[in-house]
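Pulled from TrEMBL:
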type: TRANSMEM; residues: B:12-36; note: transmembrane segment
type: DOMAIN; residues: B:66-277; note: domain 'ABC transmembrane type-1'
type: TRANSMEM; residues: B:70-89; note: transmembrane segment
type: TRANSMEM; residues: B:101-123; note: transmembrane segment
type: TRANSMEM; residues: B:160-183; note: transmembrane segment
type: TRANSMEM; residues: B:208-225; note: transmembrane segment
type: TRANSMEM; residues: B:256-278; note: transmembrane segment
Amino acid sequence: MARIDVEHIRHSYLPNPSKDSDFALREVDHTFEDGGAYALLGPSGCGKTTLLNIISGLLKPSHGKLLFDGKDVTGLSTQERNIAQVFQFPVIYDTMTVYDNLAFPLRNRGVPADVVERRVRETLDMIDLADWARRKARGLTADQKQKISLGRGLVRSDVNAILFDEPLTVIDPHMKWVLRSQLKQLHRRFGYTMVYVTHDQTEALTFADQVVVMFDGGIVQIGTPAELFERPKHTFVGYFIGSPGMNFMPVAVDGRRAKLGDQIIELPGTPTSTERAMELGIRPEYVRVGREGMPVSVSKVEDVGRHKVVRARLEGRDVAAIVGEDEEIPAEPKLSFDPAGINIYAGSWRVEMGA
Amino acid sequence: MDKTWNNRAWFLVLPVLVLVAFSAVIPLMTVVNYSVQDTFGNNQFFWNGVDWYQELLASSRFWESMFRNLIFSAIILAIEVPLGIFIALNMPRRGWGVPTCLVLMALPLLVPWNVVGTIWQVFGRGDIGLLGYYVNALGVDYNYVQDPFDAWVTVIVMDVWHWTSLVVLLCYAGLVSIPDAFYQAAKIDGASRWAVFRYIQLPKMQRVLLIAVLLRFMDSFMIYTEPFVVTGGGPGNSTTFMSIDLVKMALGEFNLGQAAAMSLVYFLIILLLSWAFYTVMTNYDAER
């Protein structure tokens, strides 16, 4: 296992990139600590797979350096980096048995037969395919095939890191949950450095200690799941994480007050910057619907099971609120914002609030 | 459950039956008819039983041409399949090289068979042919008209030139359908170039290779036009393959009965060997 330093890495798929928009990865500078479980979260095309392939050596970055435990590996091939990677779609060698599939990465590296036997047996137990060892890999289901792909990543004990590129996309929901908890367990037991790429927030938040949110070729925020939820640094993080995402509304800030149309909202503190376009962000979980507060018109109530999502219009802006399953919506509903959930953004970036 | 029985539905199959009858069944039955009868002209036929078959199978002429044909097909497959795979593996996957290579590969396939024969017939001539002239100028005694070995070399090289492209194109189609993730995974797993070929590329090409082998086997086993144009089956009988022999027998000697018997045996051999190839290649690792 190793600490991975990504130093000012930029990457473009074009031969002569000139503009910022030519870069699939604008600039990433980040350290993945030894033994950490990281998720790279972001929409399709934000550069997360590019970053992953740069770490594993499948891509050579246009600029910047990559260090494993302080050693420069930028010029090294995938083999020399000793990395395991699991891809979005199952990759299996279909003429081989399940056993041989798992043994393949070890045999290629000249591991002695008795060690191969032991490691493969352990891995087969981990991924729960011990009974299938002698079967041809070809006839297995998509779940099982992806488990083999995972297994080939886990079978080598000495890898520097295990990278996952949306590995559970083709797995059905129940199995997804099982495999994810297994990965989490493995991480706790063996302390692998794991980087997990996904565009599914639930997956990212349950798997990782640290979630790296990427947007448009760059990292917008790195934090624990709770930090991303409570204090999104950028409006993108606000609406990408959470269901429904954070409500944003343009406001005029004056000291500890924010003015939204005719409404005045008391802020928990004084924003430290008020120069650029100001927005107030609040999660639907912190929006209260009742008889007190700002008058709104409710356009829709969606019952999603555990709670209800109220879609309303406040001063011409759409606002979502989450209310309990049994709560009544009054005839003349009013909204109030829980101050603990209020965040202020200037030019899309969060600003701190002083006393 | 009650089924509706309506025999008028058979009329819907009728057009196909008529088509198949005229294109395959009736001609085939005519051949069967010839093979069990004898005629002395005047459109009079006499029942002859299996005499033609017995005579055919007892003749060394039949076995010799079949043996020549089997050797020819074996050599063709042994050269064209590995060569085709090798070329396909080395063809570019992107950029301007792709269309260039594809067009170059497709060119020999577009040339009519008798033209291919004529090209090589001239090409190999010692007096005016580019190939024949220069090979002789290098001091090699090459003359496909008189030397059986030279005739074989010419016919084989001609077939390789003409048909390797087919194997290349089929294999290339199989190769480009392999997703990048397989190559990436192989890198991660530390696979050697040979392991990538053996465990990723070859298995993915298996289906198209089966088609390529079947087509090349059947075509080479039925080859007629090209060697007929180049060597006419000679020198002597050295390049007289089964189809050439068959035409000689039927049209040259007007030996309809024996030729019909030979056609049917010929047909059965191709059917049997194609089935054998198919079974071997599809069962190859379905077991276990």
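Note: Cβ is positioned from N, Cα and C throughout, glycine not excepted.
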Surrounding residues of the transmembrane segment (B:160-183) on its own chain - C-beta under 8 Å, 6+ positions past either end: 76, 79-81, 83-85, 87-89, 91, 93, 102, 105-109, 111, 116, 120, 196, 200-201, 204-205, 207-209, 211-212, 215-216, 219-220, 226
Proximity of the transmembrane segment (B:70-89) to the transmembrane segment (B:208-225), 3+ C-beta pairs under 8 angstroms: yes
Closest-packing stretch to the transmembrane segment (B:101-123), where packing means Cβ pairs under 8 Å, from B:12-36, B:208-225, B:256-278: B:208-225
